[in-house]
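A.B. asks: Copying in the features that Swiss-Prot gives for the protein in this structure:
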{"type": "REGION", "residues": "1-9", "note": "region 'PTS2-type peroxisomal targeting signal'"}
{"type": "TRANSIT", "residues": "1-9", "note": "transit peptide"}
{"type": "ACT_SITE", "residues": "Cys115", "note": "active site, acyl-thioester intermediate"}
{"type": "ACT_SITE", "residues": "His370", "note": "active site, proton acceptor"}
{"type": "ACT_SITE", "residues": "Cys400", "note": "active site, proton acceptor"}
Amino acid sequence: MDRLNNLATQLEQNPAKGLDAITSKNPDDVVITAAYRTAHTKGGKGLFKDTSSSELLASLLEGLVKESKIDPKLIGDVVCGNVLAAGAGATEHRAACLVAGIPETVPFVALNRQCSSGLMAVNDVANKIRAGQIDIGIGCGVESMSNQYGPNSVTPFSNKFQNNEEAKKCLIPMGITSENVAAKYNVSRKAQDAFAAKSYEKAAAAQAAGKFDQEILPIKTTVLDDDDNEKEVTVNKDDGIRPGVTAEKLGKLKPAFSAEGTTHAGNASQISDGAGAVLLMRRSVAEKLGQPILAKFVHCKTVGVPPELMGIGPAYAIPAVLEDLGLTVNDVDVFEINEAFASQALFSIQHCGIDESKVNPRGGAIAIGHPLGATGARQFATLLSELKESGKKVGVTSMCIGTGMGAASLVVAE
C-alpha cells in the first residue's frame, strides 16, 4: 500500500511539497546515476568542427555506458534532444546508439524544443520511469553548430504566417530578443559586461582547478588542418574559456545586432559543438544494480512567454517549479541558468530574487559555449559535479527557449 501511495503521489500533477518531501527517499523515485558531457568547442574553429553530431553522440554514449558499467540491454529508452539537424537527427542519432554498442532492442526518440531540448530529453525519460513504462533510460542532447547552424535551419513562413502579428515574432533573431529584454527591463551594457566577465572568470578558475575533468569524457576524433590534412586528436577541454577577460575589455566591443544596442560577441553565448548525457533509473532498480545514486530528479516545468522577449523564460519557469514544490529561491543551493545572453540571464536572476553567488559557480554558456540541443543535458553534468564537490543538496537548471518559452528542473543531490 505504501508503494502505491508513493507512486500515486509521483503521478499527481502537483508533486508533494516542502523540503522534507523533496529530500525523502522512496523506491519509485527517479534518480540520476551518471551524467557526463563532451568538451564544448568553438563552432567552425574548434577541434569538433569536422565531427558530426552523430559521431559526437556515439562517442559520448559509449563512454557513458563504459563509465557507469550499466548493461546496455537493460536500457528502456534513449531520448536525444537536437535543434538543427533535420528531424532532430532521428535517423543518424538512432544509428549513433547502435555504433555506441546499445542493442537494437533499445528504442530511440529524437525531440526538439529549441534550447531546452537536452532537458526535455531527461524529463521525458523521467516521466516514462514514473509512469512505469521503463525502469532505466538515457536522456541526452547533441549539437554540431559547425555543420548545421545557419539561416536555412528554419522553414520559410507563408504569407498567412507573416501577416499574423504574433506568429511572425517567432522569426525575430535571438540577438534582437536580447536587445528587447535589455531595453524593456533596463539591463545596462555595463551590467551585462560585468556579468559576462564574471562568467569567464569563474569558468577559467574551474578549468584551472580541474573541476570540469569530473564531468567531461575525453573524445577521440579527427580534425582537418588548414591544408585539409586529417589529424587525430583527443578532445577533453572546453576551448572557449579565456582567462583574463574583464568588463573593461568587453566594453570596447561593438554591438552585434544594433548600432545602439548592448549585446555583442563577448556577452552572448558562444556558437559551439558538444553533447551531454544523463543516465536515469528507478531508485529500487539502481539499488538492486548497485548503481551510485547522484541525485533525485524531482520536477520539471516549461512555460510560455512572449516570443520577442524569449530570454525572460527562466524568470517564470523557475518560480513555476518552486511553487509546485512549495519552495522558495532560498531553498535552492545552486542554480545553473543558461547564459544565452547576459541581458536575459541577469534579468531572470534579479526578477526571481536569486543571490547571484549561487548562479553558475563554474561559469556558463558565455564562457563555456551553448551547443543548442546539448545544453540542457550538459547542465546536469556540471550541476551534479558542483553539488558533490561543495556538499550542497538542492540544485535547479533553467534556460530560455527560442520562440518564447522557459524551462526549469530541480534535483536533490545524495
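Just so it is clear, glycine is given a Cβ too, placed from its N, Cα and C backbone atoms.
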A.B. asks: What is the interatomic distance between the Cα atoms of Cys115 (active site, acyl-thioester intermediate) and His370 (active site, proton acceptor), given in whole Å?
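C.D. replies: Distance between the two Cα atoms comes out at 9 Å.
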A.B. asks: Kindly assign Cys115 (active site, acyl-thioester intermediate) to one of the three DSSP-derived states: helix, strand or coil.
C.D. replies: strand
A.B. asks: Mean pLDDT for the region 'PTS2-type peroxisomal targeting signal' (1-9), rounded to an integer?
C.D. replies: 52
A.B. asks: Expressed to the nearest Å, what is the distance separating Cys400 (active site, proton acceptor) and His370 (active site, proton acceptor) at their Cα atoms?
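C.D. replies: For Cys400 (active site, proton acceptor) versus His370 (active site, proton acceptor), the Cα atoms are 12 Å apart.
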A.B. asks: Taking every protein chain shown into account, which of the active-site residues Cys115, Cys400 has the largest tally of Cβ atoms within 10 Å of its Cβ?
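C.D. replies: Of the active-site residues Cys115, Cys400, the most buried by Cβ count within 10 Å is Cys400.
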A.B. asks: Below 8 Å Cβ to Cβ and six or more residues apart, same chain only. Which residues does that give for His370 (active site, proton acceptor)?
C.D. replies: His40, Cys115, Ser269, Gln270, Ile271, Ser272, Asn338, Glu339, Ala340
A.B. asks: Return one of helix, strand or coil for Cys400 (active site, proton acceptor), based on DSSP.
C.D. replies: strand
